[in-house]
Every structure is written in C-alpha cells, then in structure tokens.
C-alpha cells in the first residue's frame, strides 16, 4: 500500500521543534494527495496548521504504535527514523530507567550519572551463556557475544567503545573486562583484572585531566587486548594507547587543568621524600595555572597521589623508578617557568643563575650552561658546514614547550611499556578480545588540529562500521536466498580521500611544513585553490580566510588554520635531546634510548593526540642525511600510519560496537537533553545504522512468528498445514505491492512501515471483532435485562393488584367494624360521661360538706384556744406586774432599813464612849452571866456533840477540802481561762459586731446564694441526671473497655505467641545461617582440597616422570580426616612403594634440619632398643631363677594346682597378647616392609610366614589345652561343693574328715581359692589398665580436639588469605604434616621390628616352658589317680552359633572389599535388584565385627578406606545423578547405622531388643559420625550442583518461553538481535520436560532408599533453583513482562504444585520457594493505576524486594494495544510506599544459593542378621559371624 494511505484521521506524526527537536502531533483529518496543509493537534492541546514543503512535499514522520515504544532493539520499530529512535531512547531512559538499548549491531549506552545495581556477579552469571537477543540489552551481553564468537569461530574479537568525554566509555570498557575475567574460568583471571585495574590510577593520573565537560576526562584512547589460551582462559593483556593530547602539558583553556599528576605532585610537595623536587603550590607554575582552576571539587589530590604511588608499586615500579618519574615530572614544571629575555628581534638569552632552569638541570642531572645555550640557539646544517644560530624569544618559548611535551610523551610511553610488561604472559596466546576506548566525533566553537585528527579517525571508524553493517545485511540476504540490490548508504570514502589522498589536506599540510617560509595562511590558500568548488565536501567560510569547512558524516565542522603547521611539525631541537641523553640521571637516557631508530607517533606530536607505539624515534648509527630525513616525519603522516595499523587490527577481528551517549551537560542523573542526544546519535553512526536498515528490509519475521501474530487476519480456509505457504497466501492478499516484502528460507522480510500497516490491519480486525463482541454481548445483556424487567413488572403488577383487592376487602371489613365500634363506643362514652358527672357531683358534695364542717370546727377550736391563750397571757401579765411591784417594794424597804441602821450605829458609837453607857450596860450582867453560864454548859454539851459532829465533819471536810482545792485549782484555771475568755469575749464581741455587719451582708448574700442555690440545685439535679446518664455510659464504656482489655489480652497473648514464633523462626534462620556458613566452609575446603590434589598431581608430573606401569596415588588426606587425625592405610601402602620406586637421583634434596632431627631420633631409638633388650634378658633370668626355686620346694598337689592355675592365667594372657602381636606383625610385614622383601614369593617372606603359621597353630593347640584345664578345674570345684549350703562348722569338719583320704580334693579346693584370688587380682589389674586406657583415650581425645581447633583456625586463616597465599599456606601445612607422619611411621616401624625380635625370643621361651609344664603334669599325675577320681572327663562340644549380624573379613581383603562394594559398584543394578542401602549395611556389619574383635586399627582402616573410596567414586563420576544420589543415600544410611547401634540412649529408643544387642561395645565412633556427616554434606552439595546443571537449560525455555496455554501470548515484532547465531538451538524444552526430569530425580532417589526428609530438602532446593532462575530471567527480559506471560507463569507454577501434591511433598517447603515467582506473575496481572492498586501491590508482594517490584513495573510491556503501560507516577507511588521496607538492594536472586542440609536420625527396622549378601557383589571372601 502507499505510504500516504497511513496518514488518516487520528494518525500520530512527528514534526520538527526547535526546543524539543521533535514533537508529537495527531492528524485531525485524513490526508489527501495534493494537500499542502495538515491539520494537527499537539499534545499540549493546541491545534496547528503544518505546511508541507512545496518542493519535496515530504510528509512528517509517522509515529510508531505504543505497543512498540520502549523496545530493546531500535530495529524492531516499524518506522525507523530519527524521532522514533530519540523517543524510544527517551522512554527507556526516563520512564523505565534502562540505560542500554540495541540498535542493530550497536549497543547504545546512556550515562545515568548514578550507580546502578546491574553489574554484580549475579548479573554476570545471568548473562553468561545466553544468546544476545534473549536478554535485555547490556554491556555484559555484548561481552558474552564476543567471548562466545571467539570460542566458537576461533576468531579474534574487538569491542569498540566510543563517545564524548563524560559519556562513560572507560566505565563500559572496564565492565567488559570484568565480565571476561569472571566468565573465563581461569585461575589467574582475578590477577589479570587486578593488574589491569591497578594500571587505571596511574594511567588516569598521567592521561586524564579536567575539561569543561568532564572532571576526569581521558585525553588519550586505548586499545586493550585481553589474551586467551586454547581453553579460552585469560592469560594476559596488552595495552596500546592513542591520541595523547600533549598540548595540554603546556597550555590549558580556561576552567581546565593540566594532567592530574602535576597537581598531585604539588599537593604532596611537603612530604619528606619530595623535598628534593622543590615543588610548591600549583599556582606557582606556568604549566598548571593557565586554566585558573587548580582544584577539583570533591577531589583530594594528595590522596590521589597516594593511590597513584600504590598503583605503581602494584605494577612493579620500584621506589627508585617512582622517584625518577616524579623527578622528570617536577623538571617539566620547572622547565615551564624558564623565562627568556630578548636581546634583539632575532635573539634572546636566559638570565644568569636562572633558578627554574637551575632546578631543572639539577633534577635532570644535565649541564646548566649547555642547556641554557641550546634553549636560546639552534644548529643549522648545510652541505658544506654547520651554523649555530640564535633564535627569537617566541621561537625559544615554543622550543621550550616542544621539549616539555616531548619529555612527557616519552615518559608516558615508558609507563605504558612497563604496564604491558607486567600484563604480558609467558603462555602462548591463542586468541584475544580487544577493547577500544576512543573518542567520538568532536565539534567545538574553535576546532583545531586535535579535532581534525579525532574526526579523521572517526571517519575511518565510521567507514569500517558502515562496511561491517552492509556486510551483515548482505550475508543475511544471501543466507535467506532473497534477491537484493545494492543498498544506497552514505559512503564517507570521499571525505577520507579529501583528508588522506594525494594532494589531500594532510598531504598539502606536510608539503607546506617542508617549505622554508610556509605559514598557515599560505596553506589555507593552497587548500582553497585545490579543493574549493572541486570537492562538494570542502567549503570556505564566508567571513574568514583562515578557516575551512569539511562535511563529515556527522556534521559540518569549521577548522581554524592557525597553529596547524606548528602542531604538525612538532619541532624538537636535536641538540636539546642530546643534552638530555648525556644526563647522569640513569632513567632519563632510558626514555630516549629508542630515539636513534625512528620517530614514533608518540614522540612526534606536539599538540595533537597521536598513536603511542614503541617504535623508536631516530637511528643511532647511520647517515646524517637519513637521520634528518627520518626526523622530519610530521604528526599527520605518523598519525595516518597509526590509524591504518589500527584499522588493519580491527578489520582482522569481528567488531562489536558500543556507543556511549551523554544525556546532559550538567551530570544530572536520569535527565535527558534531546538536542545533545540527537547531536551524539548523529555523530556516533547510530542513525546511519538505522538508515541502512531502513533502506532494505528492516523488519524480519520467522514464518511461525508471523503466523502466531497475524493469525487473526486469516480465515479458516487460508490456514494450511504448511506455515510458509499459508503466510505467502495471506501476504499476497494483504499487501498488493510485492516489492514491500520478500520470502526467505526461514523468514519474511518487510520494507519499512509494512509491519506498522499489518499492525494497523490487525488492530482494526481486533477492534472490529471487539466491537462485534461488544455489540452482541451488549444486545444479549440488554435483552436479558428487558426480559428480566418485563417478568419483574408482571410479577409486580400481579402482586400490586392482589394487594389492592385485599386492601379493598379490608376496607369494607373495617367500615362495618367501625360502625359497630362507633355504636358501642358512643354508648360507652355517654354512659361513662354520665357516671363521671354523677361521681363528680357526689364527690363535690361530700368535699363541700366536709369543708363547711371543718371550717365550723376550726372556728370553735380557734375561739377555745384564744380563751386559753388570753387566760395564760393575763395570768402572766399579772404575775409579771406583781413581781415587778414586789421587787420595787423590797428594794425600797432595804434602802430605808439601811438608812435607819446607819443612824442607830452612829448613835451607839456615841453612847459607848460615855460611862453611863457602860453602867447601863452592866445592869443585869450577872443574871446575864448566869444565864450565859447555863448557856455555856449547854453549849459545852452542844460543843461535845458538835465536836463529834465536827470530827465527823472534819473528815468530810478534809475530803471536801481536797475536792474543793482541786475544784479551786480547776476554778483558778477556769478563772484564768475566763480572763482569757474575757479577752477573747471582748475580741469576740468586736468580731460579733463585725460579724453582725457581715451577717447582714451574709443574709443579703444568703438570699442571693439561696437563689443561686436553687438554681444550683436545679443545675445539680440536672447534672446528677446527666452524671447518671454519663455513669451509665461509663459503665457501658467500662464494660466495653473490659471487653477490649480481654481482647487486647488475647491479642497480646497472640502477639507474644507470634513474637515467640518469629523469634523461633529467627533462631531457626540463625541456625540455618550458621549451618549454611559451616557447609559453605566445608564446600570451600573441599574445593581447596581438590585444587591441592590437582596442583600436587601437576607438580608430580612436572618434577617426577613416573615409570611405565607406575600408578600415582595421592597420599594426602581429606580435610575431615586431618581434623580427626586418622590416617589412611591404603594411602600409606600405595604411597610408600611409590616413594621407593623413585630413582635416588630424582629425589628432592632433604632439608638439613629435618635430616638432623631424623638422625637424632634414630640414635634415641637404638638406645631405647638396647635398654629394652637388657630388661628382657633380666626378666628371663628372673623367670629361670624363680622356676629353679619352685622345683626345690616340696612337690605337693596343692602347690602344683596353684602353679597350674597361675600358669594357665599367664598362658591365656600371653596367648592373647601373642596373637594380637602376631596380627600386628603380619600387618606390619605386609604393609611396612620394602616391596622387595615383603613381596609374595620372596624367600625371607616365605620363611617368616611359615614360622608364624606354625607358631599360630601351636598357640591354638595350647589354647585348646588351657580350655580343657579350665573345664576340669570348674568341674572339680562343683564336685567339692556340698549339696546344700550349711554354715555349721561342725558339719563342715565332719565332711572334711570324711574326705581325708582324698587329700588331692582338698588341695584342689585350696588351689581353686588361690585361683579365685588370682582372678580377682587380675580383674582388678584389668580394671586399672582399663582406667589407664580410658584416661589415655581422654587425653588423646583432648589432643584431637586441640588439633581440630588448630585445624579450624588454620582453615579460617587460610580462607582470609588471598588465593596465592592460601595455596602456599596449605602446601606448607601439608608438607609439615607429611613430615610429622613420616617420623611417626618410622618410629612405628622401628617399634614393630623390635616387637618382632622380642616375640621370637618369647616364642622360644614359652615353647620351652609349655613343654616342661606338660612333662611335669604327666609325672605328677599317676594313672591310678586319674582312674580313682570320681570326676568323669568333660567333653567340650562345639555349639552352633546363631548369626550375630556381623561380617568377618581378612585384613588383606579390605582393598578387595572396598573395590567391589564401592569403587566398581554400579548403582543402577543395586538400586533395582537389592534392598536400599545394602552397601551401608554391609560396611557397618564389617565395622561391628572389627569392634567385636576390639581391633581399633581394623576399624580405623576400614572407615578411612570407605570415606576415601566414596570420595574417589564421586570425583570420578560426580556428574552422574544416579551415582551421587546412590552414595548420598548410602552415606546417610551408614551414618544412621553408626548412630542407631552406638549404644547411646537417644538413638536406641526405636530399637528392638535384638537390635540393642547388636550395639557397638568397644569403640565410640562419634568423631567418625561427624566425618561422615561432613562427607554427606559434600555429597549433597554435589548432588545439588548436578541437578542444577541438568535443570538449568530447561528452566527458562519451559517456564517462560514455551506457551503452555496456546494462543494466550502474542508475538511482538522482533529486532535484528533475534537473528544472532551464537549457539545453535538444541531443542525446545517445555514444562513437561521439567516435570519428567523432576519425576526422574524423585524416582531415582526413592529407588536408592533416600530418607524422606532428605528427599524433601532436595525437592525444595530444586524448586528454589527453578523459581530463582525463572525470576532472574524475567527481571532481565523486557519481552517477558506482560499480562499474558504472567498467566503462563501462574499456570506453570500450578502444574509444579500439582506435582508436589501427587508426590505428597506439599509440606517440604518447596512451594514457599516459588512465592517470589508467584508474586511476580501476580504483579504482571493486577491493575496498576490507582493508589488502592498500589496499596494492594505493596501488601501482596511481600516476598519481592523493592528493587524487584520496581524493575517488573518498569519492564512491563503490553503485547496488545488494549493493554496499558504502567505510568511513571504509579511507579513513584510504589517507591514511596515501599521506602520504609528494609530489604536487600540486590536485584536478582542468588540462584547458586544452597539451603543448609540436615540429616534427621532415621533408624532402620531391618534386622542385621536377616541380611543376605548376593553373589553378584563378588563378596565371597567375607563370612557371616
């Protein structure tokens, strides 16, 4: 179809914009051919009339569908043009935070200016082995593609990293190198990378500087070749540098700096070692102060200097050479301060004793006068003679600067050479991958010679890039066998010809440099004359005659001619170089020692950046003319040669392109400046790649992908069985123009825009289908609604009518009822009213009559009471009047009588004074006296009476007096109180007066208060009522609170329980972490052990060439064996012969200290041997003397019996010792002797073995005799015992008297008593010996624990060391251990030799003693006595024993047992035909027999051989799941048997009584149980690795890529990366493949009898691997993050859960390991719009980290147009809600994580005695016991 047909209404287009570069708009009406204006609607809401160009009439670019926005590969876009590329990059960078994007074969990397967690080792592992198009774009994907193609195609590779300063080139190159170092699998990969990275600080210090765009800008390019061997492991590296900007040494622009090293030196000038350099502040030197910005914010130059020096040390630059480098750099700074004075216009001079020059000469160790002279003069040579000519001040300054640049370039070159020497490897390089870190296209306001060289290099690189892209396109077309025509792409060969061809710019520049009076102006005129108007790419500026313009592939660049000639010449005076060569400073001539050969680009550039090679500058010997000619090579010429060499290198490799983009000039994180981005995209060739792709067939689909995507456009009759023909038929109908597509062998190729057209057709079809479906569904829904409403209406009507009828009937009934009710009600009302009135009338009458009667009664009563009151009042008044009158009368009488008495008294007083008075008075005195006398008598009588009364009264008075006195005192007190009270009364009266006033006020207030009180009372009552209500409410609240408290108590209880559960879980997690840490250490130690074995084998192969037929066996022990210090006899027996077979001349020289130690030990052993021999002789003499004394004693029967019993005990013990010693001797002779002596068939061996056999037979005979003697003694004891036990001594004496004639019985009885005593003493001695042995064993256990701790400490120390030191330490430790073991073995050998000699002597002695004893017995016992004895002879029948569950084997058959049972056993046959765990049962039964024999050596040897053999089997067949599973099961069963039969109560709970009888009796094998547990852990980890290797290729394909539910997920358009052919597809795995593999694993483990708990742990680990690998790939693949893929994942997970249910493994914890994957799938399917959705997502995804949730949301990609993308605001909302969540920042799950394994005790119910050994195992040499 025509392109114009796509410009319909609502179509979106891109229009140019001066600010945003491109702006999106929407068509408001269809475009018709001939229209000059397009009506557009902008995104900001404005409408715009867009005028088409009348000449070209080009329509604006169409915008891609939203479904294609954000694609990984730009070539997947339907419309390939600049705005589409820019928009796609912006969406990925800003919205999705993705910095990498493919553009065909180019990886576009945008600098985020922020650290991102996407470069960890987990990311490297995720990209390792993956095809480039399968994962999201990444620098690791490019590195993996290069590494894979190098390994597959055997072709060198190159990664070309380019971009502006600050775009991230160096970081990208560093990450690529880190990837190679990680995935190469080399032992030295880290070392090479560390060395390369160690070179970064020094290379940055001497090659990086601050510019206006970047604080750490690389001012040179570099090409690092990483070398690999045939196994594709890193072996070394080599660095080549390009384009060093030497002009920066002598000049810096404003706000820029010189190279960092100069400022680092100035910052460190105060260090003692730098005092001699005489440096100071950077502003004191001309070469460091020109930019005016000597300090970089946030950078400490002194610390940087320390890092630079440390890097120099790591690179092997000694301190002397470092100081030499710093001296040269300081000399350059001082040289820049050298000033010149003009003498005239053509000459100049330097002031005498000029300090800067003096310092420079001192540092360089050159002559001051000579340097001063040649800085101001130059030598001119002609054919006849040589002239010395002075130069002007300007020329001298330029010469000084040229010398400084030359010295710096030479120093830079020397450092690069040294770095390459360090990185060089002696191993032959098989292939390499080169990483080129070089500038991109540059254009500034003022462009000079430097920019010209850089852009020239980029023209060459762009040409190579274009040819490579064109070549790939051509190969693709040819591969698919489709017709193709030459694609018209921009060929920059004319631009390159303009620069480098004959009479080109460089040629004319070199020619002008040769002219004596050539200038920049004359060169510019030559350029104009040669190229102006002749070459379309060359232009002249309008306003300048000293500049020219070149049309580069990226943009037009205007170059200023000023300085081109000077920079191209780079004049360095030869005399100045000679002065420096004559320096006494040794390092300085080294820098110029290659100058005699040929000038290299590094020594020839003055101001440009040139290639630094190691080719010398000028020959030392040769013709002067030739030297001068060579010396005149210009910078441009050398740079052109260097560039050609670089292009040859790149053309010989397969290139991979990385284009770094700087998103903004302000270093803001994730900020995108469209103008800057477009400028760089044009300059780096990305848009050219797009244009080349768009010129051909950019869109490619496989037939299956096309069919899956556009099946909706086909009818059922169009679908054929052959997909290719179906696609052809459909395309012919859909696209009429056949030139718009081509059919290849496997793909369909489309022109640009055709996929968008197909997508439009598909969307229209789907939209029409959706409309039809909506129409039908809506009609069905509405009709269904109508029918439902109609049915409801009819029902409602029916019910309403019925309701109305019922209501009417009810109304009639109510009317009738109401009439009756009214009748009766009215009657009732009237009657009631009458009754009320009547009752009220009667009541009123009664109340009225009562009221009148009461009033009358009250009136009478009131009158009566008034009379009474009057009576009492009148009486009271009369009495009151009488009392008042009487009181007045009495008062008057008293007053009158007082007056009369006073008068009479006065008269009496006067009469008394006169005689007459006395006489009158005495008249009648006598009578009176008589009367008085009588009165006296009467009175005396009365007095006596009164006295009596008085006496009585006195007593009463005294008592009353006392009372009164007390009352008086009380009254006095009361008086005082009254006085006080009086005072108080007065005060109180005053207060009363006040109070009265207050009272009045108070009364007033009282009234108000009463009023208030009333109100208050009312309020109080109201308040009380309110309070009551509140009280009621409070009671309710109290009840609610009580209820709440109860609930809270419950909640607290539940919370505490939850906390307890959480703490328990945390403790379990801590335990698992510790267990995991221990198992990881065990795994690491096992890996180091294997590494040590490999190194030892390599060392043996390198040092000792074994003889033919010699089999090398490693004698080292495993880590577990060394921990518990048990040795391997197998290893010893194999190692000793191997040592003896080595030729003496090939032995390694023995250490002298070791030799002296051995010699001293030999001497001590000889002395000990002599002492033991003397002691043995002395004991033999004592035995002989004691025997002689015994023979002299009386020969009585009792003594003989005692002697016999004693000898019997001694013989028994001696026989046991002899047998053990003979076994040890046989073993020692078999194992320890030299092969020549102990070899079967040797004479000495046969003689010795015959002697031992005969002695053994003799001992067996003696043992039988001893048993007979013992049985006789026992029978004699039974005979002499009485029938009944009686304590009466008389009866006992009678019995003894009866047996006097049988004296021998008494003697036998006495002998038996003595025998019992001897037995008791022997038992006590055995008890003591056992205690001593136990104590010795405890000491040995303690020593073993100490040794174990020491080994663990040593292991921890070794793990903390670097790899080289770790290996060296482990080797040193093994050497020490082996030396000690050799010493111990030598001591054992000597002891056994001594034991052999001792045994031989003892054999002779005991044989002689036994013979004498037999003769004595025969002489002492007569035949008659034997006949007369009542005791009959005792027969010893051999009782048939029951099978005890033990297996007996000979020591020499141990290797055969291990070989048949472990090394050569086939797991498949054993698992199918025999009982599970049979090898473990057999081994344990053999261990039981060795324990029964109390043979610790046999136990140790068997267990050691078993462990070593299992390790050998797993090392040999460790990649076979059946083998590893089989031995994991048997190892666990063996471990359980050792626990079950250990005798410990904790393990015997489930045993039967018979099984308890089979427990081990002599040895505690707890330490071996730990060793076996560690071995089982290692086997489990190996099993996990095996199943991981098997499952790994299936997981991604089966869980993600394969469509289990067909037709759910649609296929989106793919880009160029999908056609990568890194690795051929080996077949597609499905979910069924994974389930079949899981079934296979489970069935194998069940057949092998693996513990159910262990199977659950294995299944949990498998499911974790499946979930982790799937989730990691989902997080790294944008094309997998869609709604339909989430449905596929959930279905696949449900199938896995169903598998768990079928196998009864739901409680294994496997389902929980899939929870992150399940939540990720749910996250893909849930709504992602509102805040409620965000809250739901945050609560749902608790197993995912914040980084994973955000990553999934960023990667979410709609497959269809009906899906919506996740908005940036929604993602930010999620981040805000999850910011407080504390989780790991790691993005990917650790797929290599192994859960800590446990081995729960699982006792076996199988009885050992019932086990039968099949003949197929070849174990006929073992027997049942």
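Backbone N, Cα and C define each Cβ position, glycine as well.
The ATP binding site annotation in TrEMBL covers 163, 164, 165, 166, 167, 168, 169, 170. Feature annotation from TrEMBL assigns region 'Disordered' to 598-634, 1106-1147. Sequence annotations record features per position, and here TrEMBL assigns region 'Actin-binding' to 643-665. Per TrEMBL, the feature coiled coil maps to 915-1105, 1155-1231, 1320-1409. TrEMBL lists 1136-1147 with the feature compositional bias 'Basic and acidic residues'.
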Residue, out of the binding-site residues 163, 166, 168, whose Cβ gathers the largest set of other Cβ atoms within 10 Å: 163
Cβ neighbours of residue 169 (ATP binding site) where a neighbour is any other Cβ within 10 Å: 26
Overall pLDDT of the coiled coil (915-1105), taken as the mean: 76
Shell of the ATP site beyond 163, 164, 165, 166, 167, 168, 169, 170, same chain only (C-beta within 8 angstroms of their C-beta centre): 111, 214, 440, 660, 662
Residue 167 (ATP binding site): tally of other CB atoms within 10 A of its CB: 25
Set of same-chain residues at least 6 away whose C-beta sits under 8 angstroms from residue 165 (ATP binding site): 211, 213, 214, 217, 218, 439, 662
Fewest Cβ neighbours within 10 Å, where candidates are the binding-site residues 164, 170: 170
